[in-house]
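Quick look at what Swiss-Prot annotates:
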BINDING   183, 184, 208, 209, 265, 287, 296  ATP binding site
DOMAIN    60-165  domain 'THUMP'
């Protein structure tokens with residue numbers, strides 16, 4: 001079926017009042033970026049919906065891209081025809097023949113914004129319905145929840161016909177809620193938290209801590225490749241690799257075992273906050289889920305959050321692990337997340353970490369270290385890499401090695 005355009009309906013933009021124009025502009029920019037390798041396409045954002053004129057571009061490919069753009073509630077592949085009855089009949093029949101399967105029910109639903117058109121909605125519903133019955137077999141009308149709804153929209157410029165209502169990613173356009181940093185490990189939770197942050201319109205920079213020689217280049221490549229998967233939802237994500245070896249070695253050498261995890265996380269949060277300020281971010285996101293591990297008890301969060309007044313947001317905080325895994329599978333990060341490359345969150349992990357660390361004790365222990373010096377050296381050593389959708393960093397040999405572990 002050769003569609004002429006795609007009609008996009010906005011998600012929560014309708015709730016944004018005076019900022020609506022800016023939100024629609026941001027969404028149009030994000031759609032343009034997602035479809036940038038189709039120069040023939042024209043994108044026309046309007047107050048109530050967006051029209052994507054295909055000009056011969058294949059809808060099947062466009063469909064896969066639009067599913068990944070936050071801010072789109074629903075969209076429909078559409079045929080645009082002249083405002084005459086014969087053109088409406090012809091396009092309606094072609095569309096139904098291309099999508100109808102035996103046993104399906106249908107109805108015709110007409111809307112008019114051009115009230116000067118010669119037929120009203122009831123007349124069009126009846127005439128097009130009768131025409132379809134005369135030219136197709138096994139049709140069955142059902143007014144409530146039919147399998148197919150043939151939608152006819154009579155507008156000032158033309159008539160638009162569709163019979164599919166496809167669901168988009170929902171949420172808000174990335175970039176409309178400001179900028180933040182995301183503390184990305186190589187595990188399951190933080191990529192899911194990243195996805196949920198972007199779904200709320202947040203533009204994120206990834207902050208990843210690595211500790212060579214204890215962590216390998218493969219672990220770093222894995223985190224970058226996870227970022228490449230997530231970049232499908234935003235177009236590009238800056239990946240900030242922060243060296244963490246010195247800090248981990250000093251903590252292990254000088255502090256009691258039970259507080260290693262707490263102090264490590266305090267340093268990570270301080271570094272993330274410094275980077276946030278440097279990058280113009282407003283918040284810090286992470287993948288913590290309440291009670292999942294020792295560093296994620298409420299007592300631990302109090303002892304760790306003490307180092308910053310910046311909002312620390314945890315999108316998966318109340319989700320069960322099974323819920324997080326299900327979403328990771330849905331967004332395509334799960335298989336890579338479970339590849340067994342050790343990251344800095346697992347090295348030096350004490351066998352009996354404190355689950356209820358004391359804030360005063362954490363502060364005293366941290367004071368034994370050259371905190372400011374180590375933080376500054378880590379900042380000086382960080383590397384920023386722009387990462388694009390589906391960019392690869394793990395070679396085939398690395399994947400084979402992971403499969404053997």
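Each Cβ is built from the backbone N, Cα and C atoms, and glycine gets one as well.
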Largest tally of Cβ atoms lying within 10 Å of a Cβ, found at which of the binding-site residues 183, 184: 184
C-beta crowding around residue 287 (ATP binding site), within 10 angstroms: 24
Within the domain 'THUMP' (60-165), residues counted as helix, strand or coil by DSSP: 37 helix, 29 strand, 40 coil
Maximum Cα-Cα separation (Å), residues 183, 184, 208, 209, 265, 287, 296 listed as binding ATP: 18
Local backbone state of residue 183 (ATP binding site), from DSSP in three classes: strand
